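Features of the protein shown, as given by TrEMBL:
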- 66-187: domain 'VTT' (DOMAIN)
- 12-31: transmembrane segment (TRANSMEM)
- 51-74: transmembrane segment (TRANSMEM)
- 86-107: transmembrane segment (TRANSMEM)
- 134-153: transmembrane segment (TRANSMEM)
- 165-185: transmembrane segment (TRANSMEM)
- 197-219: transmembrane segment (TRANSMEM)
Amino acid sequence: MKNKLNINEKKIEYIKIFLIIIIGLVSYFLVRNISIQHIKKWVLINNKWAAIIYILTFIILPIFFFPVPVIVVAGGSLFGLTKGSIYTFMAVIVNTTIMYFLGRFLFKDFVNSFVENHVSEKIKNALFSKNQKVLSLVLFIIRLSPIFSYNLVNYISGITEIKFIPYILTTIIGVLPGIIVFINIGENVLKIGSKEFFVSLLFLFILVIISAIISKLFLKDSVNKEN
């Protein structure tokens, strides 16, 4: 019986390794070969289904570590601020759900290893808190910042103690400003040099500064509590 369990566990580990390799290879290909223009062409193949194609693109590509700002900017360019924000928001909910559970059940060991080797002790201590309020606050701060990788945050969230409902609610609130900012950039990306384009970049700069200040204050407060 034990031998059978060991064999099954080994098979599961091999499957996990295989999937990680596949995701790595696909990620490499996508990042090297797909641009905003490629995404726009896919979506516009059939105008009738453009919104659905865009949403599916957003749901799938981040799983393979494709840069999310590229997709969002394409969404803004295609649909404008209002529709682009709505479609992106819908896709984010589905995508973050999928990646949360992938991180929790399929890639747990890989994600754990990454966190252990690449995340600072301060952030690590906050991430592995068992307090749902602390976890929600940490996730909100990370989500708010355009500097943190959206893809990694999804996977890392899966290995923390945060429950699914707080995770989704915090994600929704945290990513909303970033979605609007990048959609706005996309809407004005063909107007380089215009007032609208520079204003959209200014909003991005403001978001980066505000999120950096909030992150610094949170880490400072965490250190003070430890001392």
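Heads up, residue numbers simply count up from 1 along the chain you see.
Glycine too: its Cβ is placed from the backbone N, Cα and C atoms.
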Chain residues outside the transmembrane segment (197-219) and at least six past its termini with a C-beta under 8 angstroms from it: 122-123, 126, 137-138, 141-142, 144-147, 177-178, 181-182, 184-185, 187-189, 191
Secondary structure composition of the domain 'VTT' (66-187) [DSSP: H/G/I, E/B, coil]: 104 helix, 0 strand, 18 coil
